[in-house]
Amino acid sequence: MNKLCNSCIVDDFNYQEREDDTEEIEENDDNRKVEPYDFALNDKLRTTYQQFEDIVEDICHLRSEIPPELIMSHPTIYSQYLSLVSTSLPSPPYPVITTGVCGFMFLTYIASIFNPSLLETWSFSINTIIVDYNTQVLNTFPLIHASFLHLFFNICILYPTLSEFEVSHGSLHTALVLNTLGAVTCIAYTITVCIFKYLGLADETALNVHLLGSSGWAFTFLTVHSCYKSINSSTTNIYNSYNIPTIFIPLFYLVISAILVPGSSFLGHLISIILGFSIYLNIFSKLTIPPFQILDKIENINLFKTAIETIFSSDYFVWTYEIEVKNSRYQECGFTSISLPIHHENTSTASNGDKLGSDL
């Protein structure tokens, strides 16, 4: 009963307090004033709303009625881009070694998705050779890639330039060049980094940097291609803007890749370019052309020839035999130029050079 009485007293006190506040508000003369209706503001709001409705109506009208000329231009634009892509894609017959290497790189990328440890076990680092004595990475590191874009851009440069080299220098010889390039690149890279470390220009972390990907091959064969092209075309026009010496195209891409991909191996790419010049100057061939015509003898084995002809149909693939190119390779007369997506032969410039990227 006492609780009920106390509750009633509290409620009565609160009611009295609110009533006093109401009386105080009513006694204030300022609160009795009423603001006049702003007709001008109302007109502005009405005008703005009408303009908004007109804009919405115009947009709906544009969406419902597309100009016929725009509709007709869609197939034309599509066909132009399709034509550009189709001219850049390779067509049969495909060089066996080049196609096999690029296909295997794609398979290893798929395998690395399911087994990410391949990115470490197949990649090259100086400590892997010096400390772990794992020499197999000399041949495996170009075959593994960190991402699809990494693989895609390398193949875009490697496939046409390596195809060009293979049909001009022989398929079996190309396989030996690829195998030797990996080892020589790693050895040159290791020696250079060790010299830098001795001079205080590199620290211990440089010995643990992992290298992977076929960008080294791409720079090497791009260099070979540019050297041969420079014989007949001294300059190249880049994106309709600048003319540079054709022989310097690899260095141009070296700088671009270093800017766009700061984590790329500038030293490794530079070594690959130097090796490309050594291939063009017929210096590297001292390591890749075995004596006693061993490659000829291998290709003359009936079992080998039968396997090549059976596995690789001549309608889709081409195997370049030693007997076809051994007397002409590493010579200007033996160079077989293939249309590359980075060059456009049908476009002339003031310097009579090739055109680089004009259609992109």
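The count begins at 1 with the first shown residue.
Each residue, glycine too, has its Cβ placed from N, Cα and C.
Taken verbatim from TrEMBL:
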type	residues	note
DOMAIN	139-281	domain 'Peptidase S54 rhomboid'
TRANSMEM	94-114	transmembrane segment
TRANSMEM	143-162	transmembrane segment
TRANSMEM	174-199	transmembrane segment
TRANSMEM	240-260	transmembrane segment
TRANSMEM	266-284	transmembrane segment
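Residues of the domain 'Peptidase S54 rhomboid' (139-281) grouped by DSSP class, helix first, strand second and coil last, total 108 helix, 9 strand, 26 coil. Here the transmembrane segment (94-114) sits against the transmembrane segment (174-199); at least 3 CB pairs are under 8 Å, leaving out pairs fewer than 6 apart in sequence. Among the recorded stretches 143-162, 174-199, 240-260, the one sharing the largest number of Cβ pairs closer than 8 Å with the transmembrane segment (266-284) is 174-199.
Beyond the transmembrane segment (174-199), the same-chain residues lying 6 or more positions past its ends with a Cβ under 8 Å from any Cβ of the stretch are 95, 97-98, 101, 124, 126, 129-130, 137-139, 141-142, 162, 165-166, 206-207, 211, 216-217, 220, 265, 267-268, 271-272, 275, 279, 284, 287-290, 295. The average pLDDT computed for the domain 'Peptidase S54 rhomboid' (139-281) is 90.
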